[in-house]
Each structure stands twice: as structure tokens, then as C-alpha cells.
Amino acid sequence: MSIKAEEISALIKQQLEKYDDKLNVNEVGTVTYVGDGIARAHGLNNVLSSELLQFSNGSYGIAQNLEANDVGIIILGRFDDIREGDQVKRTGRIMEVPVGDQLIGRVVNPLGQPVDGLGEIKTDKTRPIESKAPGVMDRQSVNQPLQTGIKAIDALVPIGRGQRELIIGDRKTGKTALALDTIINQKGQDVICIYVAIGQKESTVKNSVETLKRFGAMDYTIVVEAGPSEPAPMLYIAPYAGTAMGEEFMYNGKDVLIVFDDLSKQAVAYREISLLLRRPPGREAYPGDVFYLHSRLLERSAKLNKKLGGGSMTALPFIQTQAGDISAYIPTNVISITDGQIFLEADLFFAGTRPAINAGESVSRVGGSAQIKAMKKVAGTLRVDLASYRELESFAQFGSDLDQATQAKLNRGRRTVEVLKQPLHKPLPVEDEVLILYALTHGFLDAIPVPDIQRYELELYDYFASNYNDLLDVIRTTGDLPEEDKLNEALKNFNEGFSISKK
């Protein structure tokens, strides 16, 4: 059998056409040190800051320190099976997390992996954990309220959609309870909620998730959990991962509420990473860029303009203080970044005033823009009244004779404090809040003894729901007060039928 020369040349041509001269070039380095959640690698000369790197065992890390001879890497997840001499290669991208509707109702870790035992999350959408905050022209002013269902907040320090409101206070002063109540109150409000638990005990997070399930709030909530047993890098990236998940909804025109519980633990984790990477320590041993750590996170929460879909992301960052000291380094940093703060005071909490909001130290820089008209009318003088009551109270305890006007102010103040108290996990619809505050500010509670106030409040809601639902509907639908004559008449009728407790 003879082989023809044409066949050979045709075969060679065919093979040459198939030849692909593209080479897959991976820049690979060598691990020179590993321990405490960080690694150092030599040979990654072109690596970029915050680039995702892959170790030979499949683990990932983020390039954090770019030095002359080596690269400081924070390891995401387990590091006990990474050894000196192992290979680490560049991926050419920054870290991304899965995003989308499929995450709603799930508990995930900062890498977006499920930790609730309900199977894998099937989503093909991802977003980078670090992204540029919307610019000045991409935003619009905050003008729509985010109702928390907590009278003291909605009346004194209102929160708007797209605002960043700091919740600050000592441990065990009700910070988490405040956030959970706010999430529970978003039911039916078309708001997606994200709860980021940073360094919280596993048992605490489990209780929080159970509470949200009990009230049906997990139907619109994502929980991102980085437990205290996780390496410091996981606690550090958790808030950024949660924000990336929220941005997916915000840029699709939806309203998002994100809670960071709490950023003090993230700052401590970042301090640990920085010290291990031999970065120079500054005040309280924090690195010099700890302000930027929080500012670049919180600036991503915004109310977008109509051109970008008009979505919003409202952030409630938590900071834990030591003995009520809000002038420490991290608290002052976050106060200066946010649009106001709600200060929870331990003394008020243990005195039975819950939520333990210190009205004098708390402020909302958005203010009345984030309130419906009815709430603006009834809560206008509440803060001033409360402040003057606190001032008068300190004089009154000396037992000196008080004139009638001062006594009236003290009586109104005591009733104000009582009205602003609220039981755990009982957020109120805005029309009920307006109703009780209207009754308070228009003197309908002045003759009611302080111990009867809470019973009065509950009976008032039931009475109006049964007999004057049309008046509540006006507040609910228009956001304004109904005709004052009708409202006064209804309150007068209720007061006549209310029985005061016998002493």
C-alpha cells in the first residue's frame, strides 16, 4: 500500500490548523510562613492589592500586604493544612460572593456558603465584596421613612430609607433586640433585611434566627454569620460580604435594611490581622487605616437616584462601648461616618426603661424628612419636653416646693417616659404609634395614673381597632392626621369608659 505525498501534506496542514499556541500562564509563588490565619508568600511579583489567591490545597486568601520581597495574605477559612513550601497562585480577580433571591431565608457564612443545613444555594450570580460607593450625583436625599415599630425611635430619632444610623451602647443594653424588632416590623413593607452577626456566640445567633422564624421574618431576611471560633479574616470580610448581597437588591430598585452586629468585633479582628502582618500600630494598637475600614463599608449604603432605579440600603451598624464611653477611638470614628446615633444607656436599661434610649445623646441627622406628616405633628416637641423633664427631675428630688407649671411638666414627663417604654418583640404599626403619642401630647393621659399607662395603651389600640378603624385608616393611607375634632371626640369617649385601677 503506497502512501501519497498529497495525503501526508493534507494531514500535516490539518494538524497545523488545529495547533493552538496559546499558553495558560499562572503566576505562582511559594508560601514562606503560615499561622494565625495569615500567610506570607514569595514570588508573586505582579499581584494586586486585595486580589484573590488560591493555595495548592484549594483554600483561598486575599493579598493584603504588598512588600518588596513577599506578599502578606489573609487566609479565608481553615489554614491548618497549609504548609511552608506550598504553592499559591494568582486568580486575577477579587473575592466575590453569591447574591440573589436564592439567599433569602438562609443562614450563610461570609463566603456565601450555607451553614443552616438546608442544602446548597443554587445561584449563578456573584458580586465582588469590595465595590465603589455611589457618588454624590448617584444619590438622592433621604425622604422615605423606615418604620422600626419602636415608638422612641420613630418619634425621637427617625430613620429614613438609605440612612446610616449607629446603635451604640454597652453590652447587654438591648442592641440586638432593637435590630430584631426593626426586622420583624418590615413584614409586608417590601424591604429585604440582612443581619450580619460578627463574632456573636453560636447560641445567640441561633436564638436570633429562631426569633425571626417565629415572627415569619426569615421570609425576607438573609443572615450572614461569622462566629467567634472563625479565623479573624472571616470576621473582617463578613460586613463587606453582607453589603455585596444587599447591593444586588439595591441596584435592582429594592429597599434593603442591613444590620452589622457589631463593628467593634470587626475592628478587633482587623487589628489582629494588621498586627500579625507587622503593620505599624496607632492609637489603641489599631492600624492607621481603621477609619477607612468602616467608612468604605458604610458609604455603600445610600438612597439611589431615579436613574439608577431609586433603590436604597439602610445601615444599622452597632458599636459596643466600655462603661458608656462614647469618646473612645472606634465609637468616635463611626459616629463621624454615620447620619446619627441611638445611644442605649445601661443605667436606663437597669432602671426598667426599655428600650433604654438616651434621648439627649441620640440624634438623627435626617430628622423630620424621614417621618410621615402625622408623626411630625405629634412628636415635634417630644424631645424638648423629655429633655426639660430630665432637668427638672434632678431638682425635684431635693423635695423643694414646686409651682403648678413645673409640677405639670413633671407629670407629663413621667407619662412620656412610660409611653415610650415598649415590650420585647412587640413593634407597633405607625398608626398606633401616632395615636398614643397624640393622646400623650394633647393631655389625654394627664389624669391617668402612671402605673395604668401601659394598660391604657393596649386598651386604646383595641378600642380604636373596633370602633374607629376609619380614623386609623386615614393615618395608614395618607400619612396625615384625621380631623382633630373626630380624633379628640374618640379619645374623650375612650377616656370616659376607661377604669382607673384602685390603689
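Backbone N, Cα and C atoms are what each Cβ position is placed from, and that goes for glycine too.
Positions annotated as ATP binding site by Swiss-Prot, on the basis of sequence analysis: GLY169, ASP170, ARG171, LYS172, THR173, GLY174, LYS175, THR176. Annotated site 'Required for activity' per Swiss-Prot: SER362, in sequence order.
The Cβ neighbour count for LYS175 (ATP binding site), using a 10 Å radius over every protein chain in view, is 24. What surrounds the ATP site, by Cβ distance within 8 Å of the Cβ centroid and not counting GLY169, ASP170, ARG171, LYS172, THR173, GLY174, LYS175, THR176, is the set GLN320, LEU344, ALA346, PHE349 from the same chain.
GLY169 (ATP binding site) is surrounded by 28 other CB atoms, counting those within 10 A of its CB over all protein chains shown. Counting only same-chain residues at least 6 apart in sequence, those with a Cβ under 8 Å from the Cβ of LYS172 (ATP binding site) are ALA346, PHE349. For THR173 (ATP binding site), the count of additional Cβ atoms within 10 Å of its Cβ stands at 26 [all protein chains shown].
Here the Cα atom of SER362 (site 'Required for activity') is found 11 Å from that of GLY169 (ATP binding site).
Every protein chain shown contributes to the tally, and the Cβ of GLY174 (ATP binding site) ends up with 20 other Cβ atoms within 10 Å.
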